[in-house]
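**Student:** Sharing a structure below in structure tokens format, with a few things to ask.
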Amino acid sequence: MSTMLSPRDEKLEKLSQEEIISNTKLVIQGLEALKNEHNSILHSLLETIKCLKKDEEASVVHEKSSLLRRSVEMIELGLGEAQVMMALSNHLNAVESEKQKLRAQVRRLCQENQWLRDELANTQQKLQKSEQSVAQLEEEKKHLEFMNHAAVAAAQQGGYEIPARLRTLQNLVIQYASQGRYEVAVPLCKQALEDLEKTSGHDHPDVATMLNILALVYRDQNKYKEAAHLLNDALSIREKTLGKDHPAVAATLNNLAVLYGKRGKYKEAEPLCKRALEIREKVLGKDHPDVAKQLNNLALLCQNQGKYEEVEYYYSRALEIYERRLGLDDPNVAKTKNNLASCFLKQGKYKEAEVLYKEILTRAHEKDFGSVDAENKPIWMHAEEREEMSKGKHRDNMPYGEYGGWYKACKVNSPTVNTTLRNLGALYRRQGKMEAAETLEECAVRSRKQVCERECV
């Protein structure tokens, strides 16, 4: 049965710390006054005892003085307890003050920690953007060099030869553009274009070539409208002066298709890319490496439209050409396999994608360390072995150095192989093979900082 609290007790329970201390101070003052009063009375009684002669009266006074002494003792005890309460209050105030200081420090540390996290996240984003920019500049340089080579070869095959002076200028512009020095590359192109138009007239193949180069520089600056205008002008000149089936026309059509693709206009880009493919097949033959490059571009356009059957067909054709004409170790073979594997993943064909990823890694391993055997295994085999051991409660902590230092091999530093390591790792994760995935991902991180790779050559 619960005990009912009196109104006074309820009031005491609701007192704050400050009120308790204030009341305690009042009690101490009252007890001090009461103590002084009792001591005064006791002193008077003791003086009285000295004057009394009768034993009976003295006995009564002695009894009263004893009562007063006990009362004084109780008062002193109360004073002692009140002083303890005051000391305890001071201690609690000190503790509370220290607690507030600690809380302030914790808040400050939390704020600093959050600031550091934000700074780290921002730095990581900047690093990733820088890596992407570097990778993109490298890819753009390769693309510009390829287009320069293709334009020269196409012109020669069609009976038109680009002057040596213009080829030198093209190489110089490519160099400046690859370094991001557009403030030099653009005026150089414009001046060359102006000179060519003065000497040869606007409708001349050399003018079309310069328009093409300037358009590529504008495209790299994301000036798509200006680039499209120049490419259409170059296309018109080349069709008029070289014929509609000339390889140089195919090069301009391809550049225009890539430009539309960058702007997300995949439907408009696809017919241009197909026409470029038809011209190259007609002029160069259906198994020429430049045809494979065009097939790669066409596959990427179709992939962005979700036409995966066509994507699979184009990548497979390109892969066949590269393997037959350039050999299994050509970088374009691994890159196209990666692109085809990506297409398989989007269709849910995980097994087919896995086979291609393993082929890329196995070939890279064999190129550096020889044929695969029980003692010479590519990294994906080690990853799967570690996966099996982890399931059997025998986790393998063997360092990567015992893998023959494969992850340190220069070929792993190729963007395609590094991308393959991460892609196969992601596929392993999808399959629940966490240990195998971590093995490949750690290998990719150790071998090279993450590189953002564009899919299309």
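Glycine too: its Cβ is placed from the backbone N, Cα and C atoms.
TrEMBL labels come from automatic prediction, so no person has curated them.
Per TrEMBL, coiled coil is recorded for 85-147. Look at TrEMBL and you will find 208-241, 250-283 tagged as repeat 'TPR'.
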**Student:** Express the predicted model's confidence over the repeat 'TPR' (208-241) as a mean pLDDT, rounded to an integer.
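**Tutor:** Averaged over the repeat 'TPR' (208-241), the predicted model reaches a pLDDT of 91.
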**Student:** Please work out the helix, strand and coil residue numbers for the repeat 'TPR' (250-283) from the DSSP assignment.
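**Tutor:** Secondary-structure composition of the repeat 'TPR' (250-283): 31 helix, 0 strand, 3 coil.
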**Student:** For the repeat 'TPR' (208-241), DSSP counts of helix, strand and coil?
**Tutor:** 31 helix, 0 strand, 3 coil
